[in-house]
Amino acid sequence: MIIDFKKYSSVRIGNEFEVQILDKICDFEGFLIGGANNLLVSPKPKNIGILGEKFDFIEILNQDKDFIHIRIGCKTNSKKLYRFAKENNLYGFEYLSKIPGTLGGLLKMNAGLKGECISQNLVKIATSKGEILREDIDFDYRFCPLKIPFFWAEFKLGFGFDCFKDENLKNARNNQPSGASFGSIFKNPKGDFAGRLIEAVGLKGFRKGDAMLSDKHANFLINKKNASYEDAIFLIELARKKVFEEFGIMLENEVIVI
C-alpha cells in the first residue's frame, strides 16, 4: 500500500512511500511504522512495513477476583487500550489517555508518562523470533533492546481504575504544546530535562522554515504548516550541538528518524 506521511504521520512531514502490510507473524527486514507518532521520515527511508488489521484486538485470556490476563494485538491504538481499561475498571493503563500510538510502538519506546511505562504490567511479547518473557527483556527509560517485529503482547492488570491518577496525568499532558508534532525530540538526560537545556541555550521558539522548537516547551518540534525533513533535522542537530557545547551533555533522540 502507498502511505502519504505528510498526512499519516503526527508531525505531518514526509512523502508518499510503498509500505508492506504484515498480515501474519513473520520475519521483516525493515521498520514497522505503527501510528507514526514519534517518527520523522526521511526522503529515502529503507524498507517500511505496517501491521495488518488482524493485529488490532484485545482478548481476555483469564481473570480472577484480583487480576485479569489479556492479550493485545500490536496494531491496537492507545486510546482503545485506555477505554478498555476504564470500562473494565482496570489499573495500570491510565496514562495512555494522552499518549498516542499503537501498542507495538509503545513497547518499542517503552512509552510512558510521569513514572509509568508500558512494560510495567507486561507478561510477554510475540515477536518474529517467538514469544519472549518480560523478565528476559532489558527495558529502560524510553528504550527496548529488541530490534525485531512485535505482533501481540500479554499483560496482567489489577482491578481498580485510578480516576485521580487519570486526571493528574491528563493535566500533565495538557500542559504540552498543541500542533503537528512527533512529541519529545530528545530523551531527558539523567537528573535534568531536555526542554530546560534547549531553552537555556536560547533556542526556545527558534524557527527554521515552518519547523519550530515550541515556545511553550522547547523539547517539542512543531510543524507550523509545511515544514520539511531538512528543516526538522536542522533544528534537531542545532539543539543537540548547542546543548553539548554549553553543558557537555549529548542529548539522545526520542524521535525515531528513518
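The backbone N, Cα and C atoms fix where each Cβ goes, glycine too.
Feature annotations, reproduced from TrEMBL:
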type     : residues : note
ACT_SITE : Arg142   : active site
DOMAIN   : 169-258  : domain 'UDP-N-acetylenolpyruvoylglucosamine reductase C-terminal'
ACT_SITE : Ser184   : active site, proton donor
ACT_SITE : Glu254   : active site
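Taking the Cα atom of each, Glu254 (active site) and Arg142 (active site) are about 7 angstrom apart. Counting only same-chain residues at least 6 apart in sequence, those with a Cβ under 8 Å from the Cβ of Arg142 (active site) are Met109, Asn110, Ala111, Gly112, Lys187, Glu254. Its own atom aside, the Cβ of Glu254 (active site) has 20 Cβ atoms within 10 angstroms in the protein chains shown.
Around the Cβ of the residue listed as 'active site, proton donor', the same chain contributes Asn38, Ala194, Asn219, Phe220, Glu254, Val255, each under 8 angstroms and 6 or more positions distant in sequence. In the three-state DSSP assignment, the secondary structure recorded for Glu254 (active site) is coil. Model confidence over the domain 'UDP-N-acetylenolpyruvoylglucosamine reductase C-terminal' (169-258) stands at 94, taken as the mean pLDDT rounded to a whole number. When secondary structure is read from DSSP and collapsed to three states, the residue listed as 'active site, proton donor' falls in the strand class.
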